Amino acid sequence: MAGYEYVSPEQLAGFDKYKYSAVDTNPLSLYVMHPFWNTIVKVFPTWLAPNLITFSGFLLVVFNFLLMAYFDPDFYASAPGHKHVPDWVWIVVGILNFIAYTLDGVDGKQARRTNSSTPLGELFDHGLDSWSCVYFVVTVYSIFGRGPSGVSVFVLYLLLWVVLFSFILSHWEKYNTGILFLPWGYDISQVTISFVYIVTAIVGVEAWYEPFLFNFLYRDLFTAMIIGCALCVTLPLSLLDESYKNNTLKHNSVYEAMVPFFSPCLLFILSTAWILQSPSDILEIHPRLFYFMVGTAFANITCQLIVCQMSSTRCPTLNWLLVPLFLVVLVVNLGVASYVESILLYTLTAVFTLAHIHYGVRVVKQLSNHFQIYPFSLRKPNSD
């Protein structure tokens with residue numbers, strides 16, 4: 001298993017022909033963030049590999065997730081009567097979130113600046129972005145938490161899926177059109193989230209208890225922004241793509257065009273069935289772990305889609321990680337003790353995490369060998 005090759009020879013040949021094509025029409029990105037990133041990238045030394053910038057930003061996102069897990073393990077810290085997250089933590093999380101967002105915007109510019117752009121760099125960037133979705137959403141959840149003024153863990157679960165489907169929608173669109181239309185929601189959400197973290201440190205979580213407008217609470221605004229951004233911005237921009245009108249799609253069959261949605265939809269169905277049929281109310285007991293399990297499986301599904309759309313190959317219909325999930329859901333439906341269900345969740349999460357890390361490491365190694373590059377260095381192997 002250590003030497004297993006996930007990228008087929010056909011896909012490697014497809015990567016050789018790959019040309020990056022993306023469209024960004026977001027005013028915030030075009031007129032504010034890109035000029036800012038163009039200035040920031042000049043600070044980085046020319047010997048610094050773009051993938052190292054990408055990975056550093058991802059590690060900051062993971063650090064924020066772990067930091068909030070320590071201070072708010074069960075999402076009750078922001079509720080009335082509970083020990084709140086210290087103000088300095090909100091400041092740290094806000095600053096690191098914005099730095100991570102900046103690094104994610106700068107890595108591509110560093111690649112062009114150092115003439116080191118490769119398909120591996122794009123795959124590495126977007127692959128880590130797919131895993132970051134769960135970290136972003138779950139970390140933000142701690143602002144409101146699950147108390148009387150917060151959001152229930154099941155509502156947050158559904159909101160997480162809104163974000164996940166919004167993310168995969170862009171890559172599904174590229175799978176069918178060959179062009180990545182960058183979603184508006186990402187830039188807007190990252191700037192807003194960073195700002196809200198800092199504001200929380202200044203005004204305290206108690207400020208979010210008060211109504212925002214009439215009886216409309218800030219938690220309702222939080223929910224409305226996520227759903228509204230997906231339904232009013234991300235989805236319309238994808239469906240109004242000119243490629244659909246001009247009939248220039250890469251997959252003419254409706255079935256083939258929709259194949260990338262099979263695995264994420266099945267993941268949603270299975271994980272939701274587990275929640276609804278859980279004898280011990282598993283989402284209430286282990287919400288953070290359950291979110292992470294779902295987000296990791298989703299990241300693996302999305303990474304395989306990205307490999308296929310970049311190599312112009314067919315997306316697999318079923319991700320193998322769904323098999324053990326199906327078996328676990330089947331066992332849970334037969335009835336198990338609370339501690340057994342918790343053990344199943346911990347085990348499945350560990351399996352998903354190790355499998356996804358193995359997949360990522362092996363794919364990066366395969367593409368590095370294929371393109372004869374070091375993933376975290378600008379030096380060529382034959383230059384040693």
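Using N, Cα and C of the backbone, Cβ positions are placed for all residues, glycine too.
What TrEMBL records for 47-68 (among others) is transmembrane segment.
Taken from TrEMBL, the feature transmembrane segment covers 88-106 (among others). Same-chain residues lying 6 or more positions outside the transmembrane segment (88-106) and placing a CB less than 8 Å from one of its CB atoms are 33-34, 36-37, 40-41, 44, 53-54, 56-58, 60-61, 63-64, 67-68, 71, 125, 129, 136, 139, 190-191, 193-198, 200-201.
For 127-144 (among others), the entry in TrEMBL reads transmembrane segment.
Residues 75, 78-79, 129-130, 133-134, 136-138, 141, 144, 180-183, 185, 219, 222-223, 226-227, 229-230, 234-235, 238, 260-261, 264, 268, 275, 283-284, 287, 290-291, 294-295, 298, 301-302, 305 of the same chain, all 6+ positions outside the transmembrane segment (150-170), place their C-beta atoms under 8 angstroms from a C-beta of that stretch. The annotation transmembrane segment is assigned in TrEMBL to 150-170 (among others).
Annotation comment: TrEMBL describes 221-241 (among others) as transmembrane segment.
Look at TrEMBL and you will find 253-277 (among others) tagged as transmembrane segment.
What TrEMBL lists as transmembrane segment is 289-308 (among others).
Per TrEMBL, transmembrane segment is recorded for 320-337 (among others).
According to TrEMBL, the feature transmembrane segment maps to 343-361 (among others). With a cut-off of 8 Å between Cβ atoms, the residues of this chain six or more beyond the transmembrane segment (343-361) that come close are 1, 4, 6, 127, 131, 282, 286, 289-290, 292-293, 296-297, 299-300, 303, 321, 324-325, 328, 331-332, 336.
Ranked by number of Cβ pairs under 8 Å to the transmembrane segment (127-144), the listed stretches 47-68, 253-277, 289-308, 320-337 are led by 289-308.
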